[in-house]
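Written out below as structure tokens is the structure these notes cover.
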Amino acid sequence: MNSFIHRNQTLCHYFLGSLPLMLIFAALFFNFGSEAEVLAFFKAHSQAHPDMKSFAKIVTNWGNAALYPIYIWFLITGIKQRKTDKSKLRFALVFLAVQLAVSLIAVRFLKIAIGKPRPGEGTFFEPMSMRGAYHSMPSGHTCEIYGASLPLILRYRNLLLTLGLGIFAATVAFSRIYLNWHHPSDVFCGWMLGSVAGFAIHLFSKED
């Protein structure tokens, strides 16, 4: 078992970093009959607990931005050390390129192309819609937070860091459901896209 974990550290840390969100999905699946029930429950809960709703808004508005200073540090330090060590600069630049391609361009394209209504906006899809009310899938916040946290998880493969970032990313993702901005399936799709971004950053930033 130990030898398997040692040989597959990257995958093990990926699954461990994703575990908090998977546990949330499991809890929702086994406790609710549909996405509509999930959203109705958390809508009522947030209305009954304004402090919790305020906290969720802070998380959803600032969660992604909380990791920006880390990548700014990689960029600045990488520029300063580019003659002796290019790994930090490469990591920062690959991060910027992949996040731009996946979390911004790909997510925006899919939102428009799919045209899934946000919670409370009805049940009928409007593909190729430019209306924000029909840009529910995938969750951009979820894609971005996993696209930012997974590269750090896979780069350092430290147990405490993996668990900490995994819990933090799951909190940001869950806030989108709690605030009724996204269906659980939107968040799941955002996690999958964020996983693609995270692995792409990890692979392309590795030195030959």
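In case you wondered, yes, glycine gets a Cβ from its N, Cα and C as well.
Annotated transmembrane segment per TrEMBL: 12-32, 62-79, 91-110, 159-179, 186-205, in sequence order. What TrEMBL lists as domain 'Phosphatidic acid phosphatase type 2/haloperoxidase' is 93-202.
In this chain, the transmembrane segment (186-205) lies in contact with the transmembrane segment (91-110); the count of Cβ pairs under 8 Å, excluding pairs fewer than 6 apart in sequence, is at least 3. Helix, strand and coil counts under DSSP for the domain 'Phosphatidic acid phosphatase type 2/haloperoxidase' (93-202) come to 81 helix, 0 strand, 29 coil. For the domain 'Phosphatidic acid phosphatase type 2/haloperoxidase' (93-202), the model gives a mean pLDDT of 97.
Of the recorded ranges 12-32, 62-79, 186-205, the transmembrane segment (159-179) has the largest number of C-beta contacts under 8 angstroms with 12-32. If you look at the transmembrane segment (12-32), the same-chain residues 6 or more away from its ends with a CB under 8 A from one of its CBs are 5, 38, 41, 146, 149-150, 153-154, 157, 159, 162-163, 165-167, 169-170, 173-174, 177, 184, 187-188, 191, 195, 198-199.
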